[in-house]
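The signal peptide annotation in TrEMBL covers 1-27. Among the features that TrEMBL reports, active site, proton donor is placed at 129, 368. The annotation active site is assigned in TrEMBL to 274, 386. Marked as transmembrane segment by TrEMBL: 633-656.
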């Protein structure tokens, strides 16, 4: 297959650049205002359905048009630990009313919450879920209520910190869960009676469960002046950091709340661990504590070294990070590109987001779990927000209309497949589009909030979202909480390194202002390259699974499982005539004696061998593999043809640039000039 080697791939990319040069937008221009209105109407349909058919119940059951009440509605087991008979959907969606500028309803909803919501039910609830949905929702609604009062003095005249007082009550009811040897909270607690004896026998908790408290609890401390909440949450974060694997800097997913011993050592970025990494970075953004940034950077480097494989992610053993633990990804990892944007690693974020979008293109929704060749592993889809969240941050960072198109496609799928007369129903199986009688509170709190904000410029909102950090449940916490004293400059999130120079505020997130932002053209090139790479990986999966000459799956070396330290793997390589030598610098030296007596050698780094083989387009391999005179002639003909194509393509670029006075070369010159300006401005943002 010489005609499909590296040079042709590069040539395709060059042709793509030429298309970008003449084409101003992806297809037809989107009517952003109409899409914003559509996102608003979708939120209001779900919100009004909840208020009309379910309130004061915790959740709406959209197929039966009634509320889900704990102790009345048939139990779903541990899933019901989200419910505490405290109107969680309303508490979770209060701040979204402000985002969509429904201020009249915001006033009415706050009044309803004050008069009807109580937290003393004799029910066992999830500490994690109660924190992010209830406590986070109350704090965010309180902050925005004060902001609305400031901007509109005629509104909320009855409000006097009642929501903050309710948040304090919730925080106090959760505090007993932290009474463990390690400081990690128990996973469940009784709202009325606290830690009952049978609850104290809980031994295990997930990493995310213990590491997703710091934002809400620190905010409660900063708003009330009571240090106990932040102290407890910091202790939990500090303990988790101590339990990382010191050699790999990776975390497991489940550990003992007393001893800290790991129960499950699988390490990834999905379920059970996701929001720990998120809160490690966002704790730095909110509080300005450099220790959290140092921790996140170490975790991030480890993840990108061991877990990230090109656009894909593979769960590994925290103590043996070259060995995979499972062959699928779960949908919760879709938050990662958004977090990468906050870190300033936009190019990597584009790559992973494109991978996830390809899964959605295939299945219309992101399944709860999917294999590395994009087959459905778990078919449910409860309208999770993580992919939409990442789409929002990537659009803010690149201003690429592609992400508007992605958001529109998501809205179209929601309207076509899950919208029902009484709200929006979860999907039990995305392959058959069978619905489930469930609408999670995060659909209103996160999914529709992010969709609306994608189509809304920050200046069109009642507040500037860049002065807030969004929690894992998309609740707003003001960055002013991180100020050490009143003399400090305001803190602000910056998502593009070319934002206008302003020396009167401090950048809250880690941003390298010496780098140019990733523009639309570059983003499109990254996406095209990612699609080709994914095509190669899928082809490798198919060819590997269908080859009659391969050993049985139980006998052959798995691509992600290969380890140079595994003697059994080395023996299998030796049986294939491959000699493996580990050099002093950690690289692997491979040599193979071919049938014609030639010795072929190559060197790779310490990443798993077969992943390198998939990710790299080894031109040398393609050259030496064909035999015979015909293949040699084809190769040289291919080479001359591609060189001629390059010459024609560059000639067109130069002609267009000189004749129209614009084009790719003036753009490059302008970007170099902007890079110099950014270097000069860098000291203002340090």
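Glycine residues also receive a Cβ, built from the backbone N, Cα and C atoms like all the rest.
Cβ contacts within 10 Å of residue 129 (active site, proton donor), excluding its own Cβ and spanning all protein chains shown: 20.
Of all the active-site residues in the list 129, 368, 386, the shortest Cα-Cα distance to residue 274 (active site) is found for 386. Looking at residue 368 (active site, proton donor) and residue 129 (active site, proton donor), their Cα atoms lie 19 Å from each other. In this structure the alpha carbons, written CA, of residue 386 (active site) and residue 129 (active site, proton donor) are 16 Å apart. In this structure, of the active-site residues 274, 368, 386, the smallest number of CB atoms within 10 A of the CB marks 368.
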